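Participant: The structure that follows is given in the form of structure tokens.
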Amino acid sequence: MTLLAAEGLTKRFGGVLAAKDVTFALNAGEMLAIIGPNGAGKSTTFNMVGGQLKPDGGRVTLAGQEVTGMPPREVCRLGVGRTFQVAQTFLSFTVLGNVQMALIAHHGQTRKLLADAAAMHRDAALALLDRVGMAAQADRPVGELAYGDVKRVELAIALAAAPRLLLMDEPTAGMAPAERAALMALVAGIARSEGIGVLFTEHDMDAVFAHADRILVLVRGEIIARGTPEEVRADPEVQRVYLGHSGTRAAARARRAAHG
Amino acid sequence: MEWSFLLVQALSGLASASSLFVIASGLTIVFGVTRIVNFAHGSFYMLGAYLAVTIVPWLLEFDRSPTLFFAGVLASALAVGALGVVMEVLLLRRIYRVPELFQLLATFGVVLIVQDLVLLVWGPVDIPGPRAPGLRHGVYILDQRFPAYELFLIFVGPTVLALLWLLMHRTRFGVLIRAATQDREMVGALGVNQAMLFTGTLFLGAALAGLGGALQIPRVSASAQMDLSIITEAFVVTVIGGMGSVPGAFVAALLIGLLQAFGVLVFPKITLVLVFLLMAAVLVVKPWGLFGKPEAAAGRAVLPEGILDPRPLDLAGKVLAGVALLALLALPLVDAYAVKVGTEVLILALAAFSLNFLVGNGGIVSFGHAAYFGLGAYGAGLLVTKAGLPMEPALVAAPIVGGAFAALFGFFVVRLSGIYLAMLTLAFAQIAYAVVFQWVEVTGGDNGLVGVWPSRWAASREVYHYLTAALTVAAIIFLRRVIHAPFGATLRAARDSAQRADAIGVDVRTHRWLGFTLAGAAAGLAGGLYAFSKGSIDPTLLGIPLSVDFLSMILLGGIQSVLGPVAGAAAFHAVKDFFMPLTDHWRLFLGLSIIAMVLVFPRGLAGAWASLRRRPA
């Protein structure tokens, strides 16, 4: 079933056409990667889906419901979790407190004046941290963590909204190679076991070709190719404008490493 | 109305606009390069006027020529520029990297110091300046007489604009100023001597303020109140124009000059309100002003300056709080004076606590918190003196009035962030102050209102002290609870990362608005209690100096601490109460203390207490 559908998304910044007629669909439990060179319009497309940007044209529907132009908080309430290129967490909170805060928001309890926030949703928050492998660090301030761990906490925060769809903007940016593979495997595992759709952008071809079910290639705001990792890797146009020959070989290696 | 009259009105509007631009251009250039909003810019303006009324008459003794007049004006401006250099070297270069609240307070410390120094050097009497030789006559424009000096002023603004344009586009220094305004880090990375650039910028900015002040002397006498009145107008001009934009300041100054000139015909009493309404309207449509650009987001996340992770009080904290409370309750055993001071401390503690609820917990740096305190006081006071109601309903009304105005102003305030937000809170506080000051029939104007006494049962100092204690302690305990509750946590979350809060489904703006309203209501209650403790109210209860007192209290107590502001209010008020009668230079002392706190003691009393506790036994 189609979880997310983008139809004809278009965005202009002054004279620059950042996204032109971008159309794609994503099914529940599927991982769809958007790749392309810098400035191709990946983040623009992404932010139009997540509500951070209003498209100039086109529409976005989530499970049949139109969400075009809705602010992020409303998109979130419809079951969309989001992680950012530069991880966004609540720096003054502990690891546990970050997830508790997300759960408080998810349950619509942010206006409570008398309850003790530190005692709310502890168990649920710990369970989420356990899923991303961060339960042992629950009481540390999130500002003390290594960046890779912050990204895991951010994933737990996104999962607190019980999302049907995860939007991940360069989930492995700024991480060490070993951490990258582990995080992507974690995301893929959660997505498959719970039927969550994942839309992600990524520069790391290992992460893309190892885990994406389908790939969109965006160049100068336009989709120039789409398909399974094999199809995209074999596409001569993609090889020419984006992957190059060494990139194509690396993509094949990554695919073999992940799937044997 | 005749056309000639309207024309003259427009010309006088242009003359004010021109003067305002000269001053505001300096403020906006300094902000663009240093990212510091310099409260002391108004002090430079005042110093320009005082120096000019000293230098120019001395020069005119030699020869009453226009040349010597303007030579004196320029000399004054350059001397003020040199003072700007002194300020940059001694103070500003130590605070470029501290949070903006601390920067604002430190430069306000300079305002206080300069006020006292001006009184020390020139005395308390206003000093009229000489008129400009050669420009003393009037010019007839369509049968209306118009002063030649005003006509001359109209041309000063565009001339300064043109000279600044040449400087910015034709000199290396100017190009660096423009580059730093766009991207300070990049200019640093390119190996530019930043120290020289910043010092030079302060010289230019202060000299422009000094020039603005010196040019005013034929129109207005030099007086010790010039600084704060001009600084709010200059803030408004730079905020409307877009902070850092010189052409923006020019357009905004024109708008404001003309608005005032014609506004005075339609609404003679509330021209100031019109100006601030214009600013509020511009900021709602263009949050960074007409020509401003959004602040570039910080490259890396930094821990916010404020309450981090509130914990329940430990045993030592509980003992300390208990002892403090018992001491307050036991004050009537000491003497009547101790009771009076104790009551005031309780009231100020609530006001400071409510301010830190915004600043420390919400990251909402309000520079006009006294407005809600004062409006609560006036709400209660007017009900008693004009409507004849007793104390009890008036005390119920005080937080409602404070909260209602906080809700009204907060609706606009929470749309902004950082320095723009601080400026807007300041502007709204000045609107409230201006209305209370000018609406003499209702508010009693400058004199205020007397006869705001408690009901008979609470008339004795002791009983009123206990009433105050009950209400303020209850309110503080409630607000503290809210800080620990989901609502308080949500405000901290929105402060840490508005983007993340939005993405987990939080309506950031609405929560900040509710928080602003709640803090305003608490300040309103404090104001109501204050009115009855004094028996009178006056406009200083809404003024900038009281807002700064509140900020000093939370800074002294420690804005990262939940209960620190209470200790800060007690310490601040005790010191003020003890020292103020002893010295004629309280402001000098306070200004130096604020600067010392920012430089050496930024975590306040609570920080000192925490590091004392952490030390191994």
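In case you wondered, yes, glycine gets a Cβ from its N, Cα and C as well.
Just so you know, TrEMBL annotations never went through curation; they're auto-generated.
Quick paste from TrEMBL:
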type: TRANSMEM; residues: B:6-31; note: transmembrane segment
type: TRANSMEM; residues: B:43-60; note: transmembrane segment
type: TRANSMEM; residues: B:66-92; note: transmembrane segment
type: TRANSMEM; residues: B:104-125; note: transmembrane segment
type: TRANSMEM; residues: B:148-168; note: transmembrane segment
type: TRANSMEM; residues: B:189-215; note: transmembrane segment
type: TRANSMEM; residues: B:235-259; note: transmembrane segment
type: TRANSMEM; residues: B:319-338; note: transmembrane segment
type: TRANSMEM; residues: B:345-374; note: transmembrane segment
type: TRANSMEM; residues: B:421-440; note: transmembrane segment
type: TRANSMEM; residues: B:463-483; note: transmembrane segment
type: TRANSMEM; residues: B:553-575; note: transmembrane segment
Participant: Any chance the transmembrane segment (B:421-440) and the transmembrane segment (B:235-259) are in contact, meaning at least three CB pairs closer than 8 A with a sequence separation of 6+?
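Facilitator: Yes, the transmembrane segment (B:421-440) and the transmembrane segment (B:235-259) are in contact.
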Participant: Can you tell me which of B:104-125, B:148-168, B:345-374, B:553-575 gets the most C-beta pairs within less than 8 Å of the transmembrane segment (B:463-483)?
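Facilitator: So the stretch in question is B:345-374.
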Participant: With the transmembrane segment (B:553-575) as the reference, find which of B:43-60, B:104-125, B:235-259, B:345-374 contributes the most Cβ pairs under 8 Å.
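Facilitator: By the under-8 Å Cβ criterion, the transmembrane segment (B:553-575) pairs most with B:345-374.
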Participant: Near the transmembrane segment (B:235-259), which same-chain residues lie under 8 Å Cβ to Cβ, leaving out any that are not at least 6 residues past its ends?
Facilitator: 10, 13-18, 20-21, 24-25, 27-29, 31-32, 37, 157, 161, 164-165, 168, 181, 271, 274-276, 278-279, 282-283, 286, 288-293, 419-420, 423-424, 426-427
